[in-house]
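According to TrEMBL, the features are:
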type     : residues : note
REGION   : 222-257  : region 'Disordered'
TRANSMEM : 17-39    : transmembrane segment
TRANSMEM : 60-78    : transmembrane segment
TRANSMEM : 98-116   : transmembrane segment
TRANSMEM : 121-137  : transmembrane segment
TRANSMEM : 157-189  : transmembrane segment
Amino acid sequence: MSDIGDWFKSIPFITRYWFAGSIIVPLIGKLGLISPVNLVLWPDNFLYKFQIWRPISSTLYFPVGPGTGFLYLVNLYFLYQYSSRLETGAFDGRPADYMFMLLFNWICIVVSFWLLKLSKAMLLMIPLIMSVLYVWAQLNRDMVVSFWFGTRFKACYLPWVILGFNYIIGGSIVNELIGNLVGHLYFFLMYKYPMDLGGRVLLSTPQFLYRFFPSRRGGVSGFGAPPPSRRPAGNEQDAARGGFRHNWGQGHRLGDE
């Protein structure tokens, strides 16, 4: 048990509690301690009955069962792997900026579901995970990653490969597609538009987040650093070579063996 505890403590702070919540809340629903009906996001209940916990619970909850268990575990793995990489790589020492990215993506996902009226009952876990994975893939777009059966490709294609993979095992691409589009929106507004196209800075982390999540280890607060994927930091490269033995989405820099 001490090994599990040490491993859990080694997970970056924000990812650690997101990961833990994504295990605890589905387990609560599975055991019937709280009815799953009260965990998903029903727009009418949220807007008119002031059940304000639903946007949060629907981000952590996933209906685990014989037909969905594998999809849940795969996406839980993606959460752990790519959120950890972002938090210790591009956002190293800047937890407020990483939290702002999660909040921005989360709000955009909620709004997207409501505008498109895709479903009355909303589950937001997979879209948020996919949005994080998409940002990581764009910041490390030239890294070569490996997937099942030894397939190898650049990281920029990984979100779309996973979209197809989740469609095969889950039968839907709506959640993954929304996650990818939201991740692209964040990446475009935060990096592509101001840095590559010379546009205005449209996104910036609110100051109150810095009070709750102060910068540390010399990390630079706020916007202004170029995407480290275009010049990956050492810990990103180390993380790419490490990870689970499955080696899903892991890889090495182009040209390394």
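Using the three backbone atoms N, Cα and C, a Cβ is placed for every residue, glycine included.
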Folded-back contacts onto the transmembrane segment (60-78), same chain, C-beta under 8 angstroms, at least six residues removed: 18-19, 21-26, 29-30, 36, 39-40, 123, 125-126, 129-130, 133, 162, 165-166, 169-170, 244, 246, 248-249
Spatial neighbours of the transmembrane segment (98-116) not adjacent in sequence (6+ beyond its ends, CB under 8 Å) are 14, 18, 41, 43, 55, 59, 86-87, 91, 122, 124, 127-128, 131-132, 135, 178-179, 181-183, 185-186, 190, 203, 205-206, 209, 212-213
